[in-house]
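Report on one structure; see the data block that follows.
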Amino acid sequence: MAVPASFEEKDFLSCCGSTTFAKHMVTASPFSSLEHAISVARDVWFNTVDVNGWLQAFSAHPQIGQQHAPSHASQTSAQWSKGEQSTALATATGSSLQELSEWNVRYWEKFGFVFLICASGRSTDEILAELKRRYTNRPIVEFEIAAEEQMKITELRLAKLFSSKESIPSTTDKDSTMFAKKAEDRISIIGGHVTAASESPVGKSIQAPARTRPPITTHVLDTSRGGPAAGIDVLLEVWRDAQSRPEFGASDNGGWVFQGSSKTDSDGRSGQLMSIVDNVTPGIYRISFNTGKYNPRGFFPYVSIVFEIQESQKREHFHVPLLLSPFSFSTYRGS
């Protein structure tokens with residue numbers, strides 16, 4: 001039986017430079033497995049760490065193409081950053097590094113934080129192309145993407161952290177090689193971001209970790225103010241008419257059934273809109289925002305977003321961010 005892994009705050013700071021994240025991870029430890037730690041880490045990062053914590057974590061990373069980490073980054077974090085950028089540095093030329101440096105400056109001037117990407121296995125050309133593509137994003141959109149990339153990096157580093165704590169049963173070369181291969185495979189799996197919806201190998205089943213948050217969540221950002229939108233009433237409903245589907249322009253005839261309601265907090269995140277279940281019921285859902293109450297002088301009295309969860313997606317998490325301005329809104333599927 002595996003012994004639960006216990007770590008110190010500095011270990012988690014090497015994985016993610018947010019002190020809030022590190023403190024909550026220490027409180028939640030020890031962890032029974034890497035999967036358990038990652039499940040808790042995602043919940044802490046997306047539901048507990050605030051905007052300032054995200055920025056603190058971003059600031060612990062060097063710019064892509066640079067080998068020197070910020071002075072406040074730990075030695076372990078600096079070593080991991082160097083390793084994560086090894087492919088990019090190995091494929092770089094003098095001209096591509098110069099172009100990457102120039103675009104890093106442009107990105108910082110527009111967004112106010114370092115360009116963040118899970119660089120493991122990516123060439124300089126790939127990273128540069130992604131930087132240019134993301135540069136066209138609006139700041140609030142890019143902020144959420146950067147947070148997702150930070151989580152990918154954190155998962156990779158948690159895998160390295162757990163591998164370093166593994167006990168080696170024998171000091172023979174054969175055993176050492178097997179252990180190194182095991183650690184390498186674990187990191188590769190996390191790096192690929194295998195989701196619960198991925199197919200399992202024939203004859204085998206993978207036990208996904210239990211959820212630590214509801215399968216449907218949301219986050220509202222006010223682009224006109226450049227920050228989270230607090231105090232917005234949020235309503236979640238599901239379509240329960242088995243004989244029909246909601247159609248554009250047609251009356252719903254009472255087909256929508258209440259699931260839950262909440263109000264966004266100071267970070268723009270809603271409270272719990274439904275029960276925490278491992279398998280969300282497939283179907284058509286509608287999430288509505290009382291934008292008229294939030295901004296009586298705005299263009300939208302309310303905003304509703306309708307989406308469908310398929311049978312193959314019942315173990316996924318659905319995050320529906322809303323980017324709101326007085327005369328427009330947009331949304332995209334989060335993780």
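The backbone N, Cα and C atoms fix where each Cβ goes, glycine too.
What TrEMBL annotates here:
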DOMAIN    10-159  domain 'Oxo-4-hydroxy-4-carboxy-5-ureidoimidazoline decarboxylase'
REGION    66-85  region 'Disordered'
DOMAIN    216-334  domain 'Transthyretin/hydroxyisourate hydrolase'
BINDING   HIS219, ARG269, TYR332  substrate binding site
For the domain 'Transthyretin/hydroxyisourate hydrolase' (216-334), the averaged pLDDT of the predicted model is 82
For the domain 'Oxo-4-hydroxy-4-carboxy-5-ureidoimidazoline decarboxylase' (10-159), how many residues does DSSP put in helix, in strand and in coil? 104 helix, 1 strand, 45 coil
